[in-house]
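Participant: Sending over a structure as structure tokens; questions will come in a sec.
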Amino acid sequence: MELHELTLEGARALLLSGEISSKDLTTCLLDRIKTHDADLGAFITVDAAGALEAATAADERIARGEDAPLLGIPLALKDLLCTSGVRTTCASKILENFVPTYDATAVTLLKQAGAVIVGKTNLDEFGMGSSTENSAFHLTRNPWNLDHVPGGSSGGSAAAVAARMCTAALGTDTGGSIRQPASHCGVVGLKPSYGRVSRFGMVAYASSLDQIGPITRTVKDAALMMNVISGHDPKDSTSAAIDKPDFTQAFAGFDAKGLAGMKAGIPREYIGMKGLDPEVERSFKNACKVLEDLGVEVIDVSLPHTNFAVAAYYVLAPSEASANLSRYDGVKYGFRQTGCDDLMDMYKQTRSSGFGPEVKRRIIMGTYALSAGYYDEYYGRASRVRTLIMADFSKAFDQCDIILSPVAPTPAFKIGENVDDPLTMYLGDIFTLSANMAGIPGLSVPCAMSTTGLPIGLQILGRRFDEMSVLKAGYGLEQRCPGLPGLPNL
């Protein structure tokens, strides 16, 4: 097996045994970035010097007999996470040259675990988008077909993992931004429960919805990443003060009894939904059958407020974004427009030039929803719908352990196909965004390839803080599902 084909689990075993070195593995992946990223556009910043320095240090630690969970493993980070001394752009002109003085907590934990950071990946600006076409720097292409999008907003991370330019990556998920690109790129993506992973040092889009999570080659790799990045953080007021399990224990006993005793719900509102691609629906049914063969009891459940989810989300998320992004004004840091008449003119011109069209669209939407006279009509109603959606999931989980659905209504669409149709783009989040509003975990696992050679994923949702059941079911599907994606032919 070539070095770039190693999973995180496989690379870790070979590193600790001395069969490979972190420097060789890191060099191999940096060479792939150099060879392929001009076509893919997965990265905004590549830190080759820093990565090789960290890899050399990891090799020295291994030679001394030291061990750490991710020692010598090359990873990538979505460029929404602060990295000390390495620019963090959020794929926006307004932060094009911003270099943080501190690491996000998740980044700190990765470094403490011995990880090697190869670079920062592309995204839709500030995480606002579903295709990674909204970056101020360049678009990212799907490794399986360069004419198609990789999904978004964590499209750079998903494309980098799929193209074997890093062993694993971190993304962020506000309405499906880990799970949807993972599905489109044929990799595994986990959005943890809200509060499971510290948000400190993540540049906020919608603070009550955002969550950091792993994008990996396998479900086991996702569990290994979760063991490192999860846990309470006093720096983050939304971080949950709960015990952290060993997520790899989710797979204990699988070989002996499969998934016997697990009960999965399929929301009746998702069956035959308008806009659902027939291939996606067929792949979803086949994946459910695989889980049934492993012992899962599949039942019918209801999420009755599904039809209101997209509308509510696209009031709540832009409202929070309009507040979070109000801090970017050209005064203390980031881009500042020159040649302005006065302070107010500088504010206006800086924000007009610094933000892209989709970000400005959502700021306007959010500001309108929060304005006097409209707050109760829009934000208030959307908040009440969110409460109803949370109650729907709570009631459904009284009947089952996990909930199954497609990840996206269609496989990855062509670049430019929906760029002028934001409503169609927003509706593509119908299966994923409810999990963010409910704060529950969601996993995207590859389950099929379309007839046009594009990956399709299955989404597995669980009760809040029950990532274990989600990972266990995902592992079962991964072990038994035929026709899973291999390596893109770059």
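Cβ from N, Cα, C; glycine included.
Here's the feature list from Swiss-Prot:
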- Lys78: active site, charge relay system (ACT_SITE)
- Ser153: active site, charge relay system (ACT_SITE)
- Ser177: active site, acyl-ester intermediate (ACT_SITE)
Participant: Between Lys78 (active site, charge relay system) and Ser153 (active site, charge relay system), find the distance joining the two CA atoms and give it rounded to the nearest Å.
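Facilitator: Computed Cα spacing between Lys78 (active site, charge relay system) and Ser153 (active site, charge relay system) is 9 Å.
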Participant: Give me the CA-CA distance between the residue listed as 'active site, acyl-ester intermediate' and Ser153 (active site, charge relay system), in Å, as a whole number.
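Facilitator: Here the two Cα atoms lie 5 Å apart.
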Participant: Fewest other Cβ atoms within 10 Å: which of the active-site residues Ser153, Ser177 wins that one? Let me know.
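Facilitator: Ranked by other Cβ atoms within 10 Å, the active-site residues Ser153, Ser177 bottom out at Ser153.
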Participant: Taking DSSP as the reference, which of helix, strand or coil describes the residue listed as 'active site, acyl-ester intermediate'?
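Facilitator: Once the DSSP labels are grouped into three classes, the residue listed as 'active site, acyl-ester intermediate' ends up as coil.
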Participant: Taking 10 A as the limit, how many CB atoms besides its own sit near the CB of Lys78 (active site, charge relay system)?
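Facilitator: For Lys78 (active site, charge relay system), the 10 Å Cβ neighbour count is 33.
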Participant: In which DSSP state, out of helix, strand and coil, do we find Lys78 (active site, charge relay system)?
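Facilitator: DSSP call for Lys78 (active site, charge relay system): strand.
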Participant: Can you see whether DSSP assigns Ser153 (active site, charge relay system) to helix, strand or coil?
Facilitator: coil
